[in-house]
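For reference, the structure is listed below as structure tokens.
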Amino acid sequence: MTVIDVLPQTQRALKIVGPNAVSVNAAAPLPDIEPTDVLVRVVCVSINPVDGKAADMSPQLGATSGTDFSGVVVALGADVEADNWREANTMKPVRIGDRVFGGIFGNDPLRPHNGAFADYVAVPARLVWHIPTGTDFATAATMGAAIATVGLSLFNYLGLPLPSKSKAGLPVVTTCSAASSTNVLQLGAEAWFDYKSPTCGADIREHTNDSLAFALDCITDTASMGICYEALGSAGGRYVALDAFPVRGHTRRSVVPEWVCTPTQFGKAIRWTPPYDLEPRPYDLKCAELWYVVAQRLIDEGLIASHPLEKRNGGLSAVPEGMEEVRRGQIKGKKLVYTILDSEPIAVSA
């Protein structure tokens, strides 16, 4: 293993201590570094709804919480330097001192010392992105899980072709609130529809001339599933949810439903409580690796916009309060970001 400097024996980590309960452990072990991993000194983290939801629905006592991170590579697993996969796919290799971001599987009973809400996080070298010049750690920390989820959802579960060029060229319509409409149109949506409207699904079907074939449900409750099913054309199509969908919402035989659990991108089993107890999905890993190549190009070209963010003070100790705000639905249209490390590790490369 190659390291930037002498690593500490312990770290600060936000640990699951009970249902919907987390606490900072100031003397937690560092995560083990697998041969294909890089170890990242975390600079910033952001909160996703899944962080609190996982601690509530499937708490793994003693596991480190957290998904999204950005930071600096401080150690390489034994096989990383010899693996030329990134170079073969026109990606810059990951080396010590690189600024990177990504998402990891926190609250993992099979790897309890690894999670984003900590001083250090281990992540596969193939499944991490470089932070482009001009992008700060706070902004990068908002994007990892979102980009990974989009890739699995669109190009694996919905079955859309992975774009060979910068853009897929597919027309997009979306639901949102009126307050977010200008933003989504600027980001490239063809049209937006108010999800609170009782005619939302019908309006989308009319706008798309009864031809909509693919729906991605980022909310996944009975109401959002109903909108998607009504919006899909009479010929049917594919519906993908970002959570286990309510079976009673599957009201059309012509629609094929699926749901995404993004940690399957790592190709390992997930041992949460049902329905989140999943066997390894090697094809999800393969798809993720291909998508990360395309996504890095989109990131470098400035074609992926970050989510609006709110920087919070207090560092790691303040993250539990933010998790609770997100869990209660008090944070809308933005992501909370916390700085874990005030200065970068030494010997950072350009």
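A Cβ is built for glycine as well, from the same backbone N, Cα and C atoms used for every other residue.
Annotation comment: Swiss-Prot describes VAL50, ASP51, GLY52, LYS53, SER177, ALA178, ALA179, SER180, TYR195, LEU242, ASP243, ILE331, LYS332 as NADP(+) binding site, evidence class similarity to another entry. The substrate binding site annotation in Swiss-Prot covers ALA145, ALA146, ILE147, ALA148, THR149, VAL150, GLY151, LEU152, THR262, PRO263, THR264, GLN265, PHE266 and rests on sequence analysis.
Structure coloured by features recorded in Swiss-Prot.
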{"residue": "VAL50", "record": "NADP(+) binding site", "DSSP (3 states)": "helix"}
{"residue": "ALA145", "record": "substrate binding site", "DSSP (3 states)": "helix"}
{"residue": "GLY151", "record": "substrate binding site", "DSSP (3 states)": "helix"}
{"residue": "SER177", "record": "NADP(+) binding site", "DSSP (3 states)": "coil"}
{"residue": "TYR195", "record": "NADP(+) binding site", "DSSP (3 states)": "coil"}
{"residue": "THR264", "record": "substrate binding site", "DSSP (3 states)": "helix"}
{"residue": "LYS332", "record": "NADP(+) binding site", "DSSP (3 states)": "coil"}
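Here the binding-site residues are VAL50, ALA179, and the one ringed by the most other CB atoms within 10 angstroms is VAL50. Looking only at Cα atoms, THR149 (substrate binding site) sits nearest to ASP243 among the binding-site residues SER177, TYR195, ASP243, LYS332. Sparsest Cβ environment among the binding-site residues TYR195, PHE266 (other Cβ atoms counted within 10 Å): TYR195. The binding-site residues recorded for this entry are SER177, TYR195, ASP243, and the Cα of ASP243 lies nearest to that of THR262 (substrate binding site).
Geometry remark: ALA145 (substrate binding site) versus TYR195 (NADP(+) binding site), CA distance 24 Å. Across the binding-site residues listed here (SER177, THR262), the residue whose Cβ sits among the most other Cβ atoms within 10 Å is THR262. The separation of ILE147 (substrate binding site) from LYS332 (NADP(+) binding site), Cα to Cα, is 19 Å. Of all the binding-site residues in the record (ILE147, GLY151, THR264, PHE266), the one with the smallest CA separation from SER177 (NADP(+) binding site) is ILE147.
A count of other CB atoms within 10 A of each Cβ picks out THR264 as the most crowded of the binding-site residues THR149, THR264.
The binding-site residues recorded for this entry are GLY151, THR264, PHE266, and the Cα of THR264 lies nearest to that of GLY52 (NADP(+) binding site). Around the Cβ of GLY52 (NADP(+) binding site), the number of neighbouring Cβ atoms within 10 Å comes to 21. If you compare Cα positions, ASP243 (NADP(+) binding site) sits closest to THR264 out of the binding-site residues ILE147, GLY151, THR264, PHE266.
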